[in-house]
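Participant: Take a look at this one; I'll ask things after.
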Amino acid sequence: MSDIDFGYTKDHARKGANAKLPEIQCWENQYKRDYDIRIELPEFTSVCPKTGLPDFGVITIDYIPDRLCLELKSLKYYLLEYRDMGIFMENIANKILDDVVKACKPKKAVVTGDFTPRGGLRSVIVAKYEKK
């Protein structure tokens, strides 16, 4: 292991993870059977909490609804709040998943953040939830 200190702190790591964001609204699912819903935001942006530089990527939300479906306009406003937020990519995928699960309580959900390469490294973060 290298002894190089890259200057990351616990504050950097936690930044944005507990941010208060607009509520994601839902509407009543009309079907009892399982079916898949995929929502993509191809122009997602946020800010690196350490460098202040913008991060770009594609956020994909896949879920199997239970009683509720996500309302897209409120979801869009929710996702736009990340634009000026300092938050690590790993926290983005996990926070979105937590907030989606809290809002609509799906049977299953996966949030994928596919971020534009930075320094030659591409990051794809996949956060998963399955109702027990």
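Cβ atoms are placed via backbone N, Cα and C, with glycine included.
From Swiss-Prot, for reference:
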{"type": "ACT_SITE", "residues": "C48", "note": "active site, thioimide intermediate"}
{"type": "ACT_SITE", "residues": "D55", "note": "active site, proton donor"}
{"type": "BINDING", "residues": "L70, E71, L72, M89, E90", "note": "substrate binding site"}
Participant: Do you know which of the recorded positions D55, E71, E90 has the most other C-beta atoms within 10 angstroms of its C-beta?
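Facilitator: When each Cβ's neighbours within 10 Å are tallied, D55 tops the list.
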Participant: Looking at the binding-site residues L70, E71, L72, M89, E90, which has the shortest Cα distance to D55 (active site, proton donor)?
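Facilitator: Closest candidate to D55 (active site, proton donor), judged by Cα separation, is M89.
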Participant: Output the one of C48, L70, L72, M89 that, of all these recorded positions, has the highest number of other Cβ atoms within 10 Å of its Cβ.
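Facilitator: Sorting the candidates by Cβ neighbours within 10 Å, the top entry is L70.
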Participant: L70 (substrate binding site) to the residue listed as 'active site, thioimide intermediate': how many Å between their Cα atoms?
Facilitator: 28
Participant: For C48 (active site, thioimide intermediate), identify the closest of the binding-site residues E71, L72, M89, E90, judging by Cα separation.
Facilitator: M89
Participant: So how far apart do the substrate binders L70, E71, L72, M89, E90 get, largest Cα to Cα in Å?
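Facilitator: Comparing all Cα pairs, the maximum is 24 Å.
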Participant: Going by DSSP, give the three-state secondary structure for E71 (substrate binding site).
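Facilitator: It is coil.
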